[in-house]
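What follows is a short report on a single structure.
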């Protein structure tokens, strides 16, 4: 297999893999419903998932 073929396969694989595998993602702590600022925007990231916690939400943030 030529180096260009390998590079092509790697690029295609990176395009098809979920962002949680390729990008940087992490969960916040439990952000209480009473807080004025919640979510991932305050970190310059996107909300990709939310899970309920005691009195609030845990956000999964990805860049």
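Using the three backbone atoms N, Cα and C, a Cβ is placed for every residue, glycine included.
Residues or ranges marked as disulfide bond in Swiss-Prot (evidence: experimental evidence): 15-62, 25-53, 30-61. Among the features that Swiss-Prot reports, signal peptide is placed at 1-23.
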Note: in the chain of residue 30 (disulfide bond), residues six or more apart in sequence with C-beta under 8 angstroms of its C-beta are 53, 54, 55, 56, 57, 58
For the disulfide-bonded residues 25, 53, 61, 62, which one has the sparsest Cβ surroundings, going by other Cβ atoms within 10 Å?
53
Simplified DSSP label at residue 25 (disulfide bond) comes out strand
